[in-house]
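Here's what TrEMBL has on this protein:
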TRANSMEM  A:21-43  transmembrane segment
TRANSMEM  A:49-69  transmembrane segment
TRANSMEM  A:81-103  transmembrane segment
TRANSMEM  A:154-172  transmembrane segment
TRANSMEM  A:184-206  transmembrane segment
TRANSMEM  A:218-242  transmembrane segment
TRANSMEM  A:254-275  transmembrane segment
Amino acid sequence: MSASLALDRRRELAYARDLARAFGGALLFSLPLLMTMEMWWFGFILEPLRLAVFLLVALPLLFGLAFYAGFSAQHRGLGHALLDTLVALAVGAITAAAVLALFGVLEPGAPPGQIVGQLTLQAVAGAMGALLAGRQLSAGEEDIGDEDQAAYPGELFLMVAGALFLALNMAPTEEMILIAYRMSAVQVIALILVSLTVMHAIVYNIGFPGQEAHTRPFAAFVHYTLAGYGLVLLTSLYVLWVFGRTQGHGLAELVDAVVVLSFPGAIGAAAARLLV
Amino acid sequence: MAARRKSAPPAPALLEWAMGGLGLLLVLAALAVIVFEALRAGEPARLEARLIGTRPAGAGWLADVEVRNLGGETAAAVGIEGRLGAETAEATVDYVPAHGKHRVTLAFDADPRAARVSVAGWSEP
């Protein structure tokens, strides 16, 4: 252990470059959220319970992303994924603190609960971006990540991650609920069909492993598109709950909002192989 | 897993341990504050308005008011009212966070040093 802890200049520099890429990914993904005022307000509007659940649920999700994607090319295996998860959270928190301070959103005299709330939400989003940085910012020069080895549960996990990637950026805004209010039952059903169709088209074209999509199209629809859309609906419901958007809504309005948010979610899930 | 063990993964850089440690520290600190807040929450919003200063502005006067939320829940759309004789002035604050404060300015015709400021009401966020 003492040998591996010795300072190796080349290794440190290589890692610093990976880290810079992680910061880039964090900025790229979380900037829309950092510039959304609802996200600042959620820091003190959300009950602490929701924040705690959000952070705790995010940990295994980030770990999964670190395992399948990550921001460093040399990293393989569970131990590295765990370390990458923590590093990504640090990167997300530093990015959020720096940008929000720059924007004058962080108030020096604010109660600690408010600042921690604001930073926690943004840090998780930033960490997601950091872990996807390898794929987003490496310009294809090196293959980062193990996603090609993903088995069926892994594929479903990547779909959930892809759904979150887009849904998290949209869910904080008032518009999700507003759109749901404006839509009639027919339009909601049409949106479900459109979501499924677009999702299947993307899944089919990107091509999941095993070439199942080409030999057995119906099975591929059930195994990937339908299963994926179900998970997207649950993911959307969870995100809406975290942001307190489920409160005070009747079941029908809630379902409408879930379907609305699941539209970007479905596209994110289907395109997970491009994003992750 | 066995297939991935072809070459032993390189040892993490020192910078990596440092950043990882920082991440762990931040997560635990955030959880600690959140849990602390959760235990303190439940106490409803309680708002107080206090006149903290007056200053002349053109033909009129301005009164600086500080609104404090002493409760454990955030208040939204907080209405602040100031009365000076027959004159009233009002302002609305989007949010006053739990255990937080916000500054408001009310405009009057005369020096509002003797003005009575109060919180008219608020809604749940």
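All residue numbers here begin at 1 and follow the chain in the order shown.
Using N, Cα and C of the backbone, Cβ positions are placed for all residues, glycine too.
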Range from A:49-69, A:154-172, A:218-242 with the greatest count of C-beta pairs under 8 A to the transmembrane segment (A:21-43): A:154-172
For the transmembrane segment (A:154-172), sequence-distant contacts whose Cβ falls under 8 Å of one of its Cβ atoms, 6 or more beyond its ends: 29, 32-33, 36, 38-39, 42, 61, 64-65, 68, 125, 128, 132, 147, 208-209, 224, 227-228, 231-232, 235-236, 239-240, 242-243, 245, 261-262, 264-273, 275-276
Folded-back contacts onto the transmembrane segment (A:218-242), same chain, C-beta under 8 angstroms, at least six residues removed: 46, 50, 53-54, 57, 152, 155-156, 159-160, 163-164, 167-168, 171, 176, 195-196, 199-200, 203-204, 208, 212, 254, 257-259, 261-262, 265-266, 268-270
